[in-house]
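As recorded in TrEMBL:
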type: ACT_SITE; residues: His95; note: active site, electrophile
type: ACT_SITE; residues: Glu167; note: active site, proton acceptor
type: BINDING; residues: Asn9, Trp10, Lys11, Gly173, Ser213, Gly234, Gly235; note: substrate binding site
Amino acid sequence: MRKPIIAGNWKMNMNPDETRAFVAAVKNELPDPSKVESVIAAPAVDITALVDAAKDSVLVPAAQNANDHESGAYTGETSPKVLADLGVKYVIVGHSERRGYYHETNEDVNKKAKAVFANGMKPIICVGESLEQREAGETEDWVSTQVEAALNGLSADQVQQLVIAYEPIWAIGTGKTATSDQAEEVCRHIRETIAKLYDQTTADATRIQYGGSMKPNNVKELMAQPDIDGGLVGGASLQPDSFLQLVHYQD
Ligand code: PEP
């Protein structure tokens, strides 16, 4: 019922030539898009190359961030309107690196999610706890607060179209993957939170990804969990071979 979505988050890696070479290497090998959605979120400076190279393929172009304004005096920022005009379909919002290094708040994440929708794209909203929060038993409360704040003012129809990425901060880029039970527990809690905020139909339709050192050797087990509908993948999405293994996890 929920179509799996595997999204690579390249972070601040790759240049336009590398982007074109990556897409050329994967574009004819991607899975049937009715079975798995294959997404790459490139740096803003590579978006044009990504969209051009992915034309006539099933690879879905995404961005890693956008401002909540469409234009104006916001030096150094990226307009969601221009991203949409270029052909971007998804925008990652509230990645823990943006929350941590650039001080994005839950309110910023909510504004950005709304701006992404206002421009005809869909947000991939990241949530997740630190190691200290996990050890203090605060994970579920923290994550449901992040989800509630991010969705504030969004309609049930919008929530059914967006993607939530559960990314425990302690598992991102560390090689420490959450066990499939740990990941499932929080993804289920996120779905229950959406059901409480909206209704069961909305919760059942919303796709929830796991992110945090997802790799070809653990993707199958994570994707077998009932509330995990996809992956947001950093390091393992940078090589065509490993990205292809991830999107072909069903084979
Ligand atoms: C990410 O960037 O969202 C991520 C999960 O990174 P990694 O897969 O490298 O842990």
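A Cβ is built for glycine as well, from the same backbone N, Cα and C atoms used for every other residue.
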Tell me the Cβ neighbour count for Gly173 (substrate binding site), meaning other Cβ atoms within 10 Å of its Cβ, over all protein chains shown. 13
Sparsest-packed of the listed recorded positions (Lys11, His95) - C-beta count within 10 angstroms: Lys11
Taking the residue listed as 'active site, electrophile' as the reference, which of Glu167, Gly173, Gly235 (the recorded positions) have a CA within 10 A of its CA? Glu167
Taking the centroid of the Cβ atoms of Asn9, Trp10, Lys11, Gly173, Ser213, Gly234, Gly235 (substrate site), which other same-chain residues have Cβ within 8 Å of it? Ile172, Val233, Ala236, Ser237, Leu238
Using the alpha carbons only, what distance in Å do you get between Lys11 (substrate binding site) and Glu167 (active site, proton acceptor) once rounded? 15
What is the Cβ neighbour count of Ser213 (substrate binding site) at a 10 Å cut-off, with all protein chains included? 21
Where the residue listed as 'active site, proton acceptor' and Ser213 (substrate binding site) are concerned, what is their Cα separation in Å, rounded? 9
For His95 (active site, electrophile), the three-state class that DSSP assigns: coil
Helix, strand or coil: which one is Asn9 (substrate binding site) in, per DSSP? strand
Nonlocal residues around Asn9 (substrate binding site), in sequence order (Cβ under 8 Å, 6 or more apart): Ala41, Gln64, Ile92, His95, Gly211, Leu232, Val233, Gly234, Ser237
